[in-house]
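Everything below concerns the one structure shown next.
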Amino acid sequence: MQRVNLSTASEFVFVGLSDAPKIRLLLFVLFLLIYLATMAGNITLLVAISTDSHLHSPMYFLLGNLSLLDLLCPTITVPKMLGALLLEHKKISFSGCLFQHFSLIAVVGTEIFLLAVMAYDRYVAVCHPLRYPSIVSTKLCAQLAVGTWATGLLNSLLHTSLVFTLSFCGANKIQQYYCDIPPMLALSCSPTHSRELVILVVAGVLGSGACVLTVVSYIYILLEILSRNSPGIWHKAFSTCGSHLTVVCLFYGTTICTYVRPSFTYSLHRDRVVSMLYGMLTPLLNPIIYSLRNKEVKCALKRVISQVKRAL
């Protein structure tokens, strides 16, 4: 079989979407509604955090970063997917695929690290409330946020360079609706074992480390609250922490399942569902879980809505 170096390839073709016209239209409407709801929820939350002085604190600064990531994640993949579903524009250029791959891995990686930082922030606030202002200062919070973005970008740069220096054969058909690591590795006709090992080690160490930090922080939070003799606090804590852990486990579980495994285990149907969970569902759920259950955010949203009404 003739090998074609990726540098000479001009485009790729997505074949991970249904070819049935009726199903395509249904999927287009469904994904469009999810995308619009995700945009509306995260933009509203960003506006509330940036304009309301009551929310100018480390916790809400980190939450604003999470909302920004949840805006970027679906925006990287969903518009192209909607175009493929409605207009059958399934082709993407080499530069477009590279940019999409780099951007998506950067955003997903940054969100993994940011969730760990947010869990640590809540641990300090609950378990060491008197020391919280001195431990989680504004300067430290900004440094942690910058660190998560920098680590996510460097992690993406490594993975993108490993994947996009491979050779590819055939019609360059990607078995997915966006450019991701597993389908790109499966598409390659170059030896990928050494690169897969590097990807598995890096993703496993960074992802597992962030996941462990997040889960341990929430465990300490629950233990601290259980030690307080107040059933009302118990109920509130289990409700809030349970919701947070549900989203965190969903995001970590799907991303680790996607990236921390060999390429020969890639499955079109299973991986398409898994990728939609962390690419579309968690950005939709995060504003609900992290903000709409928060009284301060609810009050801020009411004030923003009142200002908009007065302006209109």
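Quick reminder: no glycine exception, Cβ is built from N, Cα and C everywhere.
Quick look at what TrEMBL annotates:
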- 25-48: transmembrane segment (TRANSMEM)
- 41-290: domain 'G-protein coupled receptors family 1 profile' (DOMAIN)
- 60-78: transmembrane segment (TRANSMEM)
- 98-120: transmembrane segment (TRANSMEM)
- 197-221: transmembrane segment (TRANSMEM)
- 233-253: transmembrane segment (TRANSMEM)
- 273-292: transmembrane segment (TRANSMEM)
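Residues of the same chain lying 6 or more positions beyond the ends of the transmembrane segment (25-48) and with a Cβ under 8 Å from any Cβ of it are 17-18, 55, 63-64, 67-68, 70-71, 74-75, 78, 81-82, 85-86, 280-281, 283-284, 286-288, 291, 297, 300-301, 303-304.
Summarising model confidence by region, the domain 'G-protein coupled receptors family 1 profile' (41-290) averages a pLDDT of 82. Within its own chain, the transmembrane segment (273-292) has Cβ neighbours under 8 Å at 31, 34-35, 37-38, 41-42, 44-45, 48, 63, 66-67, 69-71, 73-74, 77-78, 104, 108, 176, 178, 180, 243-244, 246-247, 250-251, 254-255, 257-258, 298, counting only residues six or more beyond its boundaries.
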